[in-house]
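Written below as structure tokens is the structure these notes are about.
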Amino acid sequence: MASSSFLFLHVLVMLSLASMAFADLSDDFYDDVCPEALPTIKRVVEDAVRQERRMGASLLRLHFHDCFVNGCDASILLDQTDTIDSEKTARANNNSARGFEVIDKIKSEVDKICGCPVVSCADILAVAARDSVVALHGPTWEVQLGRRDSTTASRTTANNDIPTPFMDLSALINNFKKQGLDEEDLVALSGSHTLGFAQCSTFRNRIYNDVNIDSTFASQRQANCPRSGGDSNLASLDPTPALFNSKYFSNLVSNKGLLHSDQALFSGGETDDLVKTYSKNLKTFSEDFAESMIKMGNIKPLTGKQGQIRVDCRKVN
């Protein structure tokens with residue numbers, strides 16, 4: 001009787017381990033079921049970035065804002081319904097998050113080439129983020145695949161968990177720590193602001209009230225961001241917003257960070273040294289950025305039989 005119980009327990013353990021192994025993400029997840037999936041995503045991303053260079057930063061940002069809200073599960077893509085509390089209207093995303101039409105096109109093209117919906121919207125976001133960085137002359141990395149899509153969204157969690165442009169260093173460190181990311185991840189991933197633009201409403205207080213800001217830089221930004229009005233006026237996050245390089249960090253060293261949360265990384269705190277290192281060494285920054293992107297992409301993925309593979313990224317099946 002005891003031996004039978006032990007055998008039953010052993011089988012349960014082995015099945016559990018097998019299930020865990022099956023649920024792990026892997027970089028070859030679609031190699032057999034749809035080998036053309038990743039090349040198709042790459043083609044659509046490259047075409048979108050070719051038409052509008054800014055789109056690369058937008059697609060990268062979608063992946064960030066997805067992963068920071070209950071994990072990388074494509075919840076950010078869900079539209080508002082009676083049962084879905086869409087994250088698209090959260091403070092960080094409302095009239096700001098963009099690129100949804102590109103994701104729709106990728107999904108359509110991938111499902112067509114694969115013959116059916118086998119590639120999740122969550123994986124599309126992760127791969128599109130990587131391909132966007134590469135299209136703008138940044139590093140590449142092996143995206144871990146096998147995520148499934150959520151059946152829920154949470155605007156409240158998005159409001160609470162997506163880092164804001166007004167945070168100081170301690171708040172940023174705690175925010176990233178909540179996601180299992182450390183200070184090096186914080187600095188490396190903030191380097192995504194080597195790409196893209198920010199709206200006046202996100203940096204107005206900094207250019208008029210912060211003291212740790214280059215006065216000439218502040219004056220230049222004030223020309224397009226008045227004390228009142230012009231909330232959606234854009235300014236580049238670094239001098240080359242469509243090119244992946246280390247100028248974002250050089251700006252921080254010169255007190256020319258556009259957002260308060262950017263400059264917080266170089267403000268006499270524990271991240272100063274790493275900012276200096278990245279400002280002088282693009283190779284080190286690129287390598288660390290790629291590693292941190294993989295780490296972020298592994299935040300609480302739905303795998304195995306969890307969630308679903310959406311037919312339409314904007315709504316639950």
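Note that Cβ sites are derived from N, Cα and C of the backbone, with glycine treated the same way.
Predicted automatically and left uncurated, TrEMBL annotations should be read as such.
TrEMBL lists HIS65 with the feature active site, proton acceptor. Feature annotation from TrEMBL assigns Ca(2+) 1 binding site to ASP66, VAL69, GLY71, ASP73, SER75, GLU87. Per TrEMBL, substrate binding site is recorded for PRO163. If you look up TrEMBL, you'll see HIS193 marked as heme b binding site. Among the features that TrEMBL reports, Ca(2+) 2 binding site is placed at THR194, ASP238. Summarising the annotation, TrEMBL assigns disulfide bond to CYS34-CYS114, CYS67-CYS72, CYS121-CYS313, CYS200-CYS225. The domain 'Plant heme peroxidase family profile' annotation in TrEMBL covers 24-317. The signal peptide feature in TrEMBL is assigned to 1-23. Under the heading site 'Transition state stabilizer', TrEMBL lists ARG61.
Overlay of TrEMBL annotations on the structure.
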residue : record                             : CB count, 10 Å
CYS34   : disulfide bond                     : 18
ARG61   : site 'Transition state stabilizer' : 23
CYS67   : disulfide bond                     : 29
CYS72   : disulfide bond                     : 29
SER75   : Ca(2+) 1 binding site              : 29
GLU87   : Ca(2+) 1 binding site              : 27
CYS114  : disulfide bond                     : 17
PRO163  : substrate binding site             : 21
CYS200  : disulfide bond                     : 19
CYS313  : disulfide bond                     : 23
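Here is what falls inside 10 Å of the CA of the residue listed as 'heme b binding site' among the recorded positions CYS34, CYS67, ASP73, CYS121, ASP238: ASP238. When the C-alpha distances from CYS67 (disulfide bond) to the recorded positions ASP73, CYS121, CYS200, CYS225, ASP238 are tabulated, the minimum falls on ASP73. The number of other Cβ atoms within 10 Å of the Cβ belonging to CYS225 (disulfide bond), over all protein chains shown, comes to 24.
When the binding-site residues ASP66, VAL69, SER75, GLU87, PRO163, ASP238 are screened for a Cα within 10 A of the Cα of CYS313 (disulfide bond), the ones that qualify are SER75. Along the domain 'Plant heme peroxidase family profile' (24-317), the predicted structure has mean pLDDT 98. The C-beta environment of ASP238 (Ca(2+) 2 binding site), restricted to residues of the same chain at least 6 apart in sequence and closer than 8 Å, consists of HIS193, THR194, LYS247, TYR248, ASN251, LEU258. Sequence-distant contacts (6 or more apart, same chain, Cβ under 8 Å) of ASP66 (Ca(2+) 1 binding site) comprise CYS72, ASP73, ALA74, SER75, ILE76, LEU77, ALA122, LEU125. Report note: the Ca(2+) 1 site is defined by ASP66, VAL69, GLY71, ASP73, SER75, GLU87, and the residues of the same chain whose CB lies within 8 Å of the CB centroid of those residues, excluding them, are HIS65, CYS67, PHE68, ASN70, CYS72, ALA74, ILE76, SER150, ALA153, SER154, ALA158. Of the candidate recorded positions, HIS65, VAL69, GLY71, GLU87, PRO163, the one lying closest to CYS200 (disulfide bond) when CA atoms are compared is PRO163. A 10 Å radius around the C-alpha of the residue listed as 'active site, proton acceptor' takes in these recorded positions out of GLU87, CYS114, CYS121, PRO163, in sequence order: GLU87, PRO163. CYS121 (disulfide bond) and GLY71 (Ca(2+) 1 binding site) are 13 Å apart (CA-CA, integer value).
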